[in-house]
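Quick look at what TrEMBL lists:
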type     : residues : note
COMPBIAS : 176-190  : compositional bias 'Basic and acidic residues'
REGION   : 176-207  : region 'Disordered'
COMPBIAS : 191-200  : compositional bias 'Basic residues'
COILED   : 242-276  : coiled coil
COMPBIAS : 358-373  : compositional bias 'Basic and acidic residues'
REGION   : 358-406  : region 'Disordered'
COMPBIAS : 380-393  : compositional bias 'Basic and acidic residues'
Amino acid sequence: MGEPRRSTSPGLRLDLDNFDSAAAERSRYVLTSPRSLQSCARLGIRPVQLLIKSLNELIAEQNELPGEAVRVMHESYQSERRRLLRMCQEERGRIIQAAAARWPDSNSQVPGKVKDYSEDRHAAGPVPLAEDIRKEMCVTVSERDRKIAALMLLKHREQQECLKLSQQEELERQEARRREEAQRAQAEKERRKKLRKSMQRWHEEEGNRREMLRHVLLKYYAEEQSEQEEARQRSALERKFRRSSEKRTKAVEERLRELQERAAQEEEHIQRARLRAELQRVQQLTSKVTLVQLSRRRAESAARCVSARHRDRAQQAREHNKHRQLCHRLLRERAQREEEEAREARESHILAKERRRERLRRQREQMQEEAHRLARASFHMRERVRQETHSRTFDQMAREAQLSQN
């Protein structure tokens, strides 16, 4: 039975020549011709395998596969569909030829020879029979009776000869029929042998195409996994770099805060020292008012010492501030330099990844182009082989013309 399509069209006869026409789109069956269905059944081919399937339909069915793999599958399906259709059409032609050979023309005659007895009608007349009757019954048979007896004997002899001839012709027809059946059986055996070899080659080619498709899919999945792994590694490196940057920033801020606190503490120590010196000077002046001269000298000496210490401490404070600012600038420059080096390293790493990805893409395109060239070369070679092996001879074309005239 044919495979259902869309609607019912009982008046249309679908065979291997018009099943893919525009009028066949309204039929709910792929094939309705008995000989077409018989040829598909003999080859073990479902009629739905002969239908044309567009690239968009295959993409809709295999939406999880990449476009290149779907195109390879579509080309393989189309070549296989054409090959199956050609096999079914050849099998249908053989079925028609076998049917024509099995039921020859009923008006044909088997050649034979019919013996003409008109010449010896009087040669073997009923003379011995008439003599025997005359001897036995002592009666002479009339000429009319002798002629009637001669005609009867001649008719009997003709019937016996015709019976022998028909039996011989029947034996010859049976022998010819047996030879023809033996030849037909041998031809059918050879045809089935060739068909088995052809199906075996088809299974091998189908296995090769499936293996090629599996290789393409595995390659696509491997590339996709590699890209995902690279993306994970890149995101991990970015997270690591971000954490290290945050740690360095926190360390610099902590160091700067420590330096600021230390400077504030030193400034407070200086202020306390100044206050203590001023208090000591005031105490010395108030406690030694009576000893003006001695106190003056001692005060002057003390003032000089305090002034010297103050100058020394101020100088030390200025030098310390300069050193602290220099350290702070060096730390800031070092942090900026480390950040610039890390950025350059990250950019060079990303550039290397992009170059590698571009190289892999070019290699993948070259491999796909090479696979396409190999597939096209294999297809043309198979077409040439099929054309060479399925070329028709002059006798075959003459028999087909005779069958078409009948």
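Any Cβ shown, glycine's included, is placed from N, Cα and C.
The structure displayed is predicted, hence computed values, not measured ones.
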Inset, instruction - Mind checking which residues of the chain, 6+ beyond the ends of the coiled coil (242-276), have their Cβ under 8 Å from one of its Cβ atoms? - result: 310, 313-314, 317, 320-321, 324, 327-328, 331-332, 335, 338-339, 342
Legend entry - Tertiary contacts of the compositional bias 'Basic residues' (191-200) (same chain, 6+ residues out, Cβ under 8 Å): 43-44, 87, 94
Inset, instruction - Would you mind splitting the compositional bias 'Basic and acidic residues' (176-190) into helix, strand and coil residue counts from DSSP? - result: 15 helix, 0 strand, 0 coil
Inset, instruction - Count up the helix, strand and coil residues in the compositional bias 'Basic and acidic residues' (358-373) according to DSSP, in that order. - result: 16 helix, 0 strand, 0 coil
Legend entry - Average pLDDT across the coiled coil (242-276), rounded to a whole number: 86
Inset, instruction - Work out, from DSSP, the number of helix, strand and coil residues along the compositional bias 'Basic residues' (191-200). - result: 10 helix, 0 strand, 0 coil
